[in-house]
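If you look up Swiss-Prot, you'll see Glu116 marked as active site, proton acceptor, on the strength of similarity to another entry. The annotation ATP binding site is assigned in Swiss-Prot to 38-45, 70-72, 115-118 on the grounds of similarity to another entry. Residues or ranges marked as substrate binding site by Swiss-Prot on the basis of similarity to another entry: Tyr147, Thr191, Glu192, Leu193, Ile194, Gly195, Tyr200. Positions annotated as Zn(2+) binding site by Swiss-Prot: Cys172, Cys175, Cys204.
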Amino acid sequence: MATLKASFLIKTLDSDVTGDFLSDLERRGSGAVHVIMGPMFSGKSTSLLRRIKSEISDGRSVAMLKSSKDTRYAKDSVVTHDGIGFPCWALPDLMSFPEKFGLDAYNKLDVIGIDEAQFFGDLYEFCCKVADDDGKIVIVAGLDGDYLRRSFGAVLDIIPIADSVTKLTARCEVCGHKAFFTLRKNCDTRTELIGGADVYMPVCRKHYITNHIVIKASKKVLEDSDKARAESCVAATI
């Protein structure tokens with residue numbers, strides 16, 4: 001009896017729900033998520049812009065997004081380290097984009113590019129909605145790790161839902177070999193510290209380790225110096 005009920009349910013789903021669902025999918029088209037990641041100065045934004053321009057050349061409607069936190073080169077453009085720019089929407093979050101862009105205009109979009117994706121806390125949710133529910137192509141560019149080589153934001157979280165993942169490398173500023181990591185030049189410990197070549201540099205494994213040790217040692221010296229200075233000031237006032 002249970003088998004008959006299950007069989008009836010499957011047939012019902014096949015004929016009604018599944019048919020409507022597949023029909024809806026065909027109308028919307030097939031969505032996709034493509035991830036471009038790597039350290040700073042590895043050409044992520046350049047690669048993203050190249051992909052976006054290719055989509056435009058193929059006649060697709062495109063929108064570019066970036067985090068409003070990134071104001072290094074321009075507030076309303078995605079700009080590469082080489083100075084190449086492309087107009088974009090600068091947003092504090094992603095899920096509000098369809099409404100801000102206008103639902104009619106949003107529904108006509110084929111492709112959405114996202115730069116500096118590590119700054120968006122709702123990246124996973126947005127990519128699922130855009131690709132799975134709305135049938136659009138999402139091309140995401142962002143850092144895969146922070147200056148401590150830990151997961152940064154939600155970029156790594158979207159790998160399980162990605163159709164493709166491209167990991168780029170930079171060139172080590174010390175030896176010229178392939179660079180997989182981002183080294184912070186100063187002793188600031190904030191996870192989010194927006195900057196360019198004045199704050200960060202790409203390095204290989206060897207020079208990440210050696211330079212990181214030096215920076216940590218320098219930080220300790222500064223902390224000890226500040227502590228000694230503070231103790232000296234306290235002693236002088238007693």
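A Cβ is built for glycine as well, from the same backbone N, Cα and C atoms used for every other residue.
Source: prediction; values computed, not measured.
Structure coloured by features recorded in Swiss-Prot.
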{"residue": "Lys44", "record": "ATP binding site", "Cβ contacts under 8 Å, 6 or more apart": "Ile36, Met37, Gly38, Asp115, Ala141, Gly142, Leu143, Leu168"}
{"residue": "Asp70", "record": "ATP binding site", "Cβ contacts under 8 Å, 6 or more apart": "Ala90, Asp115, Glu116, Phe119, Ile194"}
{"residue": "Tyr147", "record": "substrate binding site", "Cβ contacts under 8 Å, 6 or more apart": "Thr182, Leu183, Arg184, Leu193, Tyr200"}
{"residue": "Cys172", "record": "Zn(2+) binding site", "Cβ contacts under 8 Å, 6 or more apart": "Lys178, Ala179, Pro202, Val203, Cys204, His207"}
{"residue": "Cys175", "record": "Zn(2+) binding site", "Cβ contacts under 8 Å, 6 or more apart": "Cys204, Lys206, His207"}
{"residue": "Thr191", "record": "substrate binding site", "Cβ contacts under 8 Å, 6 or more apart": "Asp146, Phe152"}
{"residue": "Glu192", "record": "substrate binding site", "Cβ contacts under 8 Å, 6 or more apart": "Lys69, Phe119"}
{"residue": "Gly195", "record": "substrate binding site", "Cβ contacts under 8 Å, 6 or more apart": "Arg72"}
Next on the checklist: Taking every protein chain in this structure into account, which of the binding-site residues Met40, Ser42, Arg72, Tyr200, Cys204 has the most other Cβ atoms within 10 Å of its Cβ?
Outcome noted: Ser42
Checklist outcome for this item: recorded positions considered: Gly38, Glu116, Ile194; fewest surrounding Cβ atoms within 10 Å belongs to Ile194
Checklist entry - Applying the rule Cβ within 8 Å of the centroid of the Cβ atoms of Tyr147, Thr191, Glu192, Leu193, Ile194, Gly195, Tyr200, what extra residues of the same chain belong around the substrate site? => result Asp146, Arg184, Asp188, Arg190, Val199
Checklist entry - Can you tell me the three-state DSSP label for the residue listed as 'active site, proton acceptor'? => result coil
Item to check | Largest CA-to-CA spread of substrate binders Tyr147, Thr191, Glu192, Leu193, Ile194, Gly195, Tyr200, angstrom | outcome: 13
Checklist entry - If you skip the near sequence neighbours and keep only those at least six away, which residues in the chain come within under 8 angstroms of Gln118 (ATP binding site), Cβ to Cβ? => result Gly142, Leu143, Phe152, Gly153, Ala154, Val155
Checklist entry - If you draw a 10 Å sphere around the Cβ of Leu193 (substrate binding site), how many other Cβ atoms fall inside it, taking every protein chain shown into account? => result 13
Checklist outcome for this item: Reading the DSSP string in three states, the entry for Lys44 (ATP binding site) is helix
Checklist entry - Once Cys172, Cys175, Cys204 are set aside, which residues in the chain still have Cβ within 8 Å of the Cβ centroid of the Zn(2+) site? => result Arg171, Glu173, Val174, Gly176, His177, Lys178, Ala179, Val203, Lys206, His207
Checklist entry - If H, G and I count as helix, E and B as strand, and all else as coil, what does DSSP give for Cys204 (Zn(2+) binding site)? => result coil
